[in-house]
Amino acid sequence: MTGREEATDEKPKVKLYPSFGIDKSRLNGSGFRSKGFAITDLLGLESELQPHQSGPGAGPNGEGQSAAVGGFSFPGGSLPLGLGFLCSLAAQQPPGAPCFLPSHIPLLQSRTESHFMQNLEQQRDVYSDDDCLSGDRNDGKNSGNSQKRKKRRHRTVFTSHQLEELEKAFNEAHYPDVYAREMLAMKTELPEDRIQVWFQNRRAKWRKREKCWGRSSVMAEYGLYGAMVRHSIPLPESIINSAKSGMMGSCAPWLLGEPAGMHKKSMEIVKKAPGTPESTHSDTYSEEHKGKDSDTTWSSGANGADDSEDMAIDLSSTSKQENKSTLKRSPPRTENSSDSENES
């Protein structure tokens, strides 16, 4: 072999490395970008195939053309096994095709179609499973909503007769027993559980009403307004106006109640006292009597000191006389006792 043939042997080795690596013509600012995933795009044969076909150096025979595809030259004008078949198929491809499609190869076409059909079936299975799951969830939600709607009860509308009977029973006892509830159920023609719920709501309403005014009826009874009423002091106008306007639920019934309220009784007593002449006469008589009593007590208090001194002196003299009398009486008692001893 000559030196020229050795040089030709070395040329394909140098030119084959960039073809299987990164194609410099396809590099840009963003990096490596390929037009497709065909074999010609991966090997970089498409960009060099078109100028070779249109160039004047194309040989008359097909072997020379296939041997010089893409500017590559092989020893003896022959291609390796497999590469010649791919290059011949690439040479038969029309020049305007953007990429090498697998449909041009009859052996790969059946494989790609079968693979594509398998992917479609898998996607359909996935979508069908998702649809089933979503459908099951929707069915579960609908069933849960239907159960919630079934559990909801309708509000019981009480008649005036039923409310009257229930209020009477509540005034008698806030916590009726089973027997009382059954009797109410017979009178009102209501179920026993409905009556129990009504009493629970009525007790809550009663507690709320009791706590509205003064925070508690007991506290209000011993509070400021209760003391004012007990001492006949007029209440504020806001409290009285609230009772007159019909807001009896906002105040304690014992304070401003119409039948027997403390405020009403105290106001009646105050009105009667200044109007009757007997009361005025009795008041003046009591005042005069009190003045006389005070004068007599003052004078008696002044004379009381002298009387106490005289009484002290008299008491001392009487005590001395009593001591003397006891001393005089004691000797004969002793004699009598001695005589009794001798006789014994």
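Even glycines carry a Cβ here, placed using N, Cα and C.
Looking at 92-96, 137-141, 147-151, the range annotated in Swiss-Prot as motif 'Nuclear localization signal' turns out to be 147-151. With helix defined as DSSP H, G or I and strand as E or B, the region 'Octapeptide motif' (37-44) counts 5 helix, 0 strand, 3 coil.
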